[in-house]
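Trainee: One structure follows; several queries about it will come next.
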Amino acid sequence: MADTEQHPRRNGGESLSVTSADLFKRQTSQRIFVNRSVQMEKIKFYGFDMDYTLAQYVSPLYETMSFKLMLERLVETGYPPDILQFKYDHTVPIRGLWFDKEKGLLLKVDTFGNILSCLFGLSFVTAAELRNHYENKFVLLSNRFYVYDTLFNLPEIYCLASVIEFFKSVSNCTVSRSGFNYNEVFISFRTLFNDVREATNYIHDKGELKKLTVEQVDRYVHKDPDLADLLRQLSAGGAKLFLLTNSGYWYTEHIMTYLLGDSWRDYFDYAVVDACKPRFFADGSLMRVVDPASGKLKLGTHTGPLQKGTVYSGGSCADFSRLIGCRGKDVLYIGDHIFGDIVKSKKVGWRTLLIVPELANELFVWKKEEALFVRLQELDAEMSRAYQGCTIVSKSGPSQALEAQSVDKMKRSIRETVQAMDASYGFMGSLFRSGGRLTSFASQLERYADLYAQSVTNLLYYPNYYMFRGPMALMTHESTVSHKSDDSPPEKITAESKFALRASSASVASRRGSAPNAADIQQVARSHDDQSADSTASVSSELKPPCAVTSAAFEEEDSAADLTAAARPESPAVVDAYD
């Protein structure tokens, strides 16, 4: 438990106990979370993505419009008009899901590829059924799978699941292992996936999505009143700012004008549209100048210095870095796309800040359902106690029947608790975890995002010279073993003998005035072995270290696979973020 300090009330009443760890934390909605230390005074360039970073779209209104346009595009390409009956449900899709293009299944997987839960259409696949598809409930990422890792993917996920649900339910359609037989036509799951992907790309690139967004920009885009102040403060601190977005010039001009006014270019030292991330961080494309009057690209490839107030199109990270004079760790890039913005920019050496709007709901549930998390920890402790006296020579028999029943009951309780935790987050559970196991999305966030926050304007609550300190990374043997010695004979003897070995080696070295030679090392080793053998001879062979069991070992049995659609809590409309 953290140290506490007593703070008297202003009215002279009873004192309040406040943990020292909480004394220096900002408000939940203002915080930035740290995976790796970042010294802000060393950041010379701040880079910003636009969509879902500077421009936060109003959810679920924006996703609902996208979903409707996708269905309409599918009908235009030959799909049954009956699919238009589906309505977008924002509680179902989450980022980080994998789609198996061969089996038509949506998978939620953990850090190592173990399947946490599985959807076929809008129905969960039971644990028994899941083993028919994946014998070990384990998958490796390959071209067979598509990972939905951006917020633009949310309506696409629900569109794909809805179309599969439609074909599952119609009477003149049968399901096979690789697709549907519908009206004497075979539609493979891979074809369904490709068609939904094409519909998604169409509405973004050629369809009505951007046009409708611009026409009702105040309805679909949230205008943060603190955004302009943030950019001014960062510039005043001496840093260079740049905009790096995949959106085209026409759309960027309308959105940024809405957010910052007609002079939006003045807030940035450099602006790049049509960046084509993640390709931008590899070979990239030709960098050209945009004509602001017509929105068309000027002739030739730009090779000279980048000018403030000029908008450029395309380019590559290598050329861009050379033209602005930045080196890897000079740059803090801020974006929402875990792969295109964060993973790729991290691999070229930039520092990274991931924007995660889902943190609002994640931390709302984290606080509200504290009892479930505490219960899971208690079950972990109970399981450890049940196995504490077990050794390799322990035998099961009638005398252990009652204890075995107790362990089985704890396993069931762990699974039920994990299911309740997942249900409290929404249909597919938490973006970051299932019980004690982190999702693949969470593992990427921890590995590639130096910082993460709910909103880009959370930077306002930290000075330009702030030191974001990452938490100490502990291995399992360090996080589960106390610093206090339990003085058990084997541990004590081993530690004393090793200490004697080190001391003896140091003594020999000091007498020689140099490092010990081979003969010295052999002499010390023989002495150490003799002492160790004499010391341990009196230790009883029955002494065994306790064994511990954690809940993660039992969560994968059923996980959240048997959750039903009835367990869908309503997501809060407005909640504080936690950092």
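Backbone N, Cα and C define each Cβ position, glycine as well.
Reproduced below are the annotations present in TrEMBL:
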ACT_SITE  ASP49  active site, nucleophile
ACT_SITE  ASP51  active site, proton donor
BINDING   ASP49, ASP336  Mg(2+) binding site
BINDING   ASP51  GMP binding site
REGION    508-579  region 'Disordered'
Trainee: With a 10 Å radius around each C-beta, find which of these recorded positions (ASP49, ASP51, ASP336) has the fewest other C-beta atoms nearby.
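Mentor: Looking at the recorded positions ASP49, ASP51, ASP336, the Cβ with the fewest others within 10 Å is that of ASP51.
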Trainee: Cα-Cα, whole number of Å: ASP51 (active site, proton donor) versus ASP336 (Mg(2+) binding site)?
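Mentor: Their Cα atoms are separated by 8 Å.
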Trainee: What's the CA-CA gap between ASP336 (Mg(2+) binding site) and the residue listed as 'active site, nucleophile' in angstrom, rounded?
Mentor: 8
